[in-house]
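Peer 1: I grabbed these lines from TrEMBL:
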type	residues	note
DOMAIN	1-116	domain 'PLAT'
BINDING	GLY14, ASP37, ASN38, ASP77	Ca(2+) binding site
SITE	TRP101	site 'Essential for stabilizing binding to COTL1'
DOMAIN	114-675	domain 'Lipoxygenase'
BINDING	HIS372, ILE675	Fe cation binding site
Amino acid sequence: YHVTVTTGAMKYAGTDSNVYIAMTGASGEKTSLAKLDNSFHDDFERGSVDKFKVKLEDIGKPVILTIKHEEAGMFADWFVTSAVVQKAGDNAVYKFPVNMWVTGTVDIALGTAKLFHQEENPILLSHRRHELEKKRQEIKWRSPESEDAKGLPGYIFGDALEDLPRNLRLEEGMLKEFEETKKMGKNNIMEKFHGVMDKWDQFADFKNVLMHPKLPKVPDFQQNWERDEEFARQLLNGCDPTLLKRCDELPKKFPVTNKMANSQLTRGVSLEQEIKNGNIYIIDLEMLDGMPCGRSPINQTTYFSCAPICLLYVNSKKNLVPIAIQLWQQPGANNPIWTPSDSDCDWMLAKIYFRNAEANVQLLVGKLFQTHLILEPFAVAVHRCLSQSHPILKLLLPHLRYACAGNLVIRTCLINSGGAMDKLMSYGGGAQKHIIRESFRNFKYEDLNIRKLLAENGTADRTKLPGYYFREDAFLLWDCLVKYVSKIVRFFYKSNEDVKRDEEIQNCIREVRNDGLGWEKGNDKGLPKEITNTEQLVELVVSLIFTATFRSAAVTNGLFDICMNVPNSPLNMALPPPTEKGKASHDLILQSLPSKASSCMQVTLCHALSKHADEQVYMADYPVDMFCEEPAQRAAVHFRDELQRFSSIIRSRNEGSNIPYEYMLPEKVPIAIAI
């Protein structure tokens, strides 16, 4: 037999240990073990493709490849991408996609993707049952008795990365880079400042934090961070571009009058008429109401924030601008409505407090909940319920491989008591998990469908909100995913009856409902009880892939751009929000902003969260070898070509824009969600 083995290209993927193979034929005959070894050659190096000749018994068509890896020495771990077997004198090629860390002995089924009820070979059926049983033993849901789990989406059992199966952990390089980036900020940025507990003397001093050779370039738009147009642009195309909603009626708790807004309305009509015309938008951060603020870990001073509401307006120049801000939910004498007609310092301070609250929501909800934690119920169920031969696992695995491990890092290092975010953000002291729980309480399954979400927000109409580039790119890429996934689904599912009979998919969706979304109170969040047709299946798969890739990139790639300039998006505030007009000054604003220590911590954290690991593969280089079937491979190639074409479309659009929107460019979108 001629055997070709491809070793993964990530760090530490190669091995110096002994490797053996055996094969099982379609009728159950088994070969003996044969060692894979080329004399005077280092086999199985990182990224290598090694070819071997071995003599084994003739078993006809091989359907199972057994790989035995004798782990020993320093370089014992081994990631195998694939193995290909060809019998001498035979043109038939047998492909075995592996895509896993091989520890001990593993059995890999022939790469042909099939649904369980379509498999006719008893050897492969037995292998598939055994594989699923082993998966369910190794991958467990967290204990429902856990206090930390209450109110959160279901997640995997384990308190440390070492508790997870090897193939669900982050790659060594990923975690190492994340930790090194944080240390770089702490050791190299903060060393520039003496007396880091001191307050800032002037706004220009904040730029000193950013002038470090190891930090990315400051984007040009930060020069205009104080302008109303830039404030609104960041809400539209920044790191939480789904917060904005069309305002169809002013809430009673936000009594903005015509008199307050009149000086900002440029079409000569009333506020009520502008609302009817679809030109008024709103962001209401009600979820923050009543949440406790945290304390500085350095001097134990209290952080401050608010639960604000902001009204925005598309003016006659087609620019979105803020026209009113209320810092707390209930109106009153000590909670005025701030407008651009107030003094420059009053208005700036109100905008900064709004941006502080929005930055907390942006990180906790927009990033951690909506693109990380909410994916884990699906990731756990997919890993437990779908066999390696299942076509939907082949579609989802590249995107969800690291989801559980990344979320474990989030729970144990970022939002835990004493974690990085708990120490830094206004809403610490346990409030972070309360905010995430509130987001999960209001979550609906359809929120994962970006077209449905923006339609519900009232922001899907492409004739409204000019310059909403997130929407334009999201719709373009969503539709591209729908076409690709539809081709794959309809190739493997010949009818809706195939969907109904797919017990692996039905078991998967059942676990998501019972153990992931509705484990605590039975609220399944609108997830179907079963998947009954190809349209439902396509929507599910597209929603998961889009969330793990393009939506995740939209809220992550710009994180450092937005938060690097601390006054633009401060994660904590040192003084209580203002309650009276006419009191603000530049000195008061500087005193209200985070200390030098907090500012350095913010720059460090946001840099670490927005930096992608070297191991990441990007959507522009979408892998086309996940399937052995030619129609599926052609669909993957076409999808990759379409992504590259759309990248050109986006870049051409950006050439005509003062501030290019690049966060969803396929070449900047990691294929797998991690931290």
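The chain as shown is numbered from 1 upward.
Backbone N, Cα and C atoms are what each Cβ position is placed from, and that goes for glycine too.
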Peer 1: Of the binding-site residues GLY14, ASP37, ASN38, ASP77, HIS372, which sits closest to TRP101 (site 'Essential for stabilizing binding to COTL1') by Cα distance?
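Peer 2: When the Cα distances are compared, ASP77 comes out closest.
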Peer 1: Radius 10 Å, atoms counted are CB only; among the binding-site residues ASP37, ASP77, which position scores highest?
Peer 2: ASP77
Peer 1: Let me know the model's mean pLDDT on the domain 'Lipoxygenase' (114-675).
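Peer 2: Here the mean pLDDT over the domain 'Lipoxygenase' (114-675) amounts to 93.
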Peer 1: Please list, for the domain 'PLAT' (1-116), how many residues fall into helix, strand and coil according to DSSP.
Peer 2: 1 helix, 53 strand, 62 coil
Peer 1: For ASP77 (Ca(2+) binding site) and ILE675 (Fe cation binding site), determine the Cα separation and express it in whole Å.
Peer 2: 23
Peer 1: Could you measure between ASP37 (Ca(2+) binding site) and ILE675 (Fe cation binding site) for me? Cα positions, answer in whole angstrom.
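Peer 2: Each residue's Cα considered, ASP37 (Ca(2+) binding site) and ILE675 (Fe cation binding site) end up 38 Å apart.
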Peer 1: Near ASN38 (Ca(2+) binding site), which residues of its own chain have a C-beta under 8 A away, given they sit six or more steps off in sequence?
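Peer 2: Set apart from ASN38 (Ca(2+) binding site) by at least 6 residues yet with Cβ under 8 Å, we have ASP50, LYS51, PHE52.
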Peer 1: Round to a whole number and give the Cα-to-Cα distance in Å for the pair ILE675 (Fe cation binding site) and GLY14 (Ca(2+) binding site).
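Peer 2: Roughly 24 Å, rounded to the nearest whole number.
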Peer 1: Cα-Cα separation of HIS372 (Fe cation binding site) and GLY14 (Ca(2+) binding site), in Å?
Peer 2: 30
Peer 1: Around the Cβ of ILE675 (Fe cation binding site), how many other Cβ atoms lie within 10 Å? Please give the count over every shown protein chain.
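Peer 2: Counting Cβ neighbours of ILE675 (Fe cation binding site) within 10 Å gives 24.
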